[in-house]
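Below: one structure, written as structure tokens.
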Amino acid sequence: MSAPAIRVSDEVQEAVRQGRPVVALESTIFTHGLPRPRNLEVALEAEESLRAQGVVPATIGVFAGRPTVGLSTEEITKLSEEDDVAKVSLRDLPVVSTLGLHGGTTVAATAFLAHRAGIKVFSTGGLGGVHHGAAQTFDESADMTTLAQTPVLVVSAGVKSILDVAATLERFETLNIPVLGFGTTKYPGFYVSDSGHEIAYSVSTPEEAAAVLTSRDALELPQAVLIANPVAEDKQLPPAELDAILARAWEQAEQAGISGNDTTPFLLDFIQRDTGGRSLEVNIAVYRGNVALGGRIAAALTR
Ligand code: PSU
Ligand code: MN
């Protein structure tokens, strides 16, 4: 008998079977999104903070070719320190599996693996979306089309303004993906609490978010539910600064000839350097908030 295509840790399997709260976490955030050594600290802190909430963390990635739900601390450490780690979206999963590579899974690949393991709630930092100029380049994240057919709940702080936020929200509408603000109808812009775009609905408690999920399942709809959780205003990047930073980031990406799945990591890295690390602190604050809210929603779902 060959090994199963997806490895699920004993702890996660048990928790899912017993209906205890579990939150999935992605790995691209620490393999490609955050610089060393903070990447590892943030990844481990996210797991610890969920455990402190009584929630089982399931960090998801590809270790030596094995798509894994519930990476061990050693595996997370290795993935965050290795140079040769692929950025793995859904289409890459069968390839890296076959080649035996390490991989950090994007929102798309993580959502898929979480769902296959029976996990309903997934916390991340920012979602992929429509890149500026996508009308010419066709650069749209597969996060969107994957979330259109993957029934999980994803907590994020919206999409970063490195993306075309308006176009991304239009795509969510086309793809039938509901977007709910947590305590707000202003769609957050990751580094800033308000992207300047309104969304139609908000929920104000974890119970309400969990109820939307239950309702989706009752209707047998296949789409993810997106919970958009803004960073606190006193922790955001000064909105007035952001536009200038973004203009420089896009210019640099163009000059360097960056394209394809290198674009997001390049822009994030540029912004981190350009702000002298201040965007990194915001990034981490945003992620902490999303992990905590995911934990509360997962707990509400089991009540
Ligand atoms: N947005 C962030 N930080 C990230 C990413 C997105 O604020 O690290 C990562 C996520 O893993 C997301 C992926 O799924 O980038 C999207 O990449 P692409 O645009 O190539 O689909
Ligand atoms: Mn892309």
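From the backbone N, Cα and C atoms, a Cβ is placed for every residue, glycine too.
What TrEMBL lists as active site, proton donor is Glu26. Look at TrEMBL and you will find Lys87, Val107, Ser141, Ala142, Asp143 tagged as substrate binding site. If you look up TrEMBL, you'll see Asp139 marked as Mn(2+) binding site. Summarising the annotation, TrEMBL assigns active site, nucleophile to Lys160.
Under 6 Å, Cβ to nearest atom of ligand 2: this is the test, and of the recorded positions Glu26, Lys87, Val107, Asp143, Lys160 it is passed by none. Within the same chain, residues at least 6 positions away in sequence whose Cβ sits under 8 Å from that of Ser141 (substrate binding site) are Thr106, Val107, Ala108, Leu127, Gly128, Gly129, Val130, His131, Thr264.
Checking the recorded positions Glu26, Lys87, Val107, Asp139 for a CB within less than 6 Å of any atom of ligand 1 leaves Glu26, Val107, listed in sequence order. Cα proximity to Lys160 (active site, nucleophile) (within 10 Å) is found for none of the binding-site residues Lys87, Asp139, Ala142. What surrounds the substrate site, by Cβ distance within 8 Å of the Cβ centroid and not counting Lys87, Val107, Ser141, Ala142, Asp143, is the set Thr28, Ser89, Leu90, Thr106, Ala108, Ala109, Leu127, Gly128, Met144, Thr146, Asn261 from the same chain. Residue pairs drawn from Lys87, Val107, Ser141, Ala142, Asp143, the listed substrate binders, are separated by up to 13 Å at the Cα level. Scoring each of the binding-site residues (Val107, Ala142) by how many neighbouring Cβ atoms lie within 10 Å, the top position goes to Val107. Across the fold, the C-alpha of Ala142 (substrate binding site) and the C-alpha of the residue listed as 'active site, proton donor' stand 15 Å from each other. Annotated pair Asp143 (substrate binding site) and the residue listed as 'active site, proton donor', C-alpha to C-alpha distance, rounded: 12 Å.
DSSP classifies Lys87 (substrate binding site) as strand under the three-state reduction. For Lys87 (substrate binding site), the count of additional Cβ atoms within 10 Å of its Cβ stands at 21 [all protein chains shown]. The least crowded of the recorded positions Glu26, Asp139, Asp143, judged by other CB atoms within 10 A of its own CB, is Asp139. Lys87 (substrate binding site) sits 16 Å from Asp139 (Mn(2+) binding site), taking the CA atoms of both as reference points.
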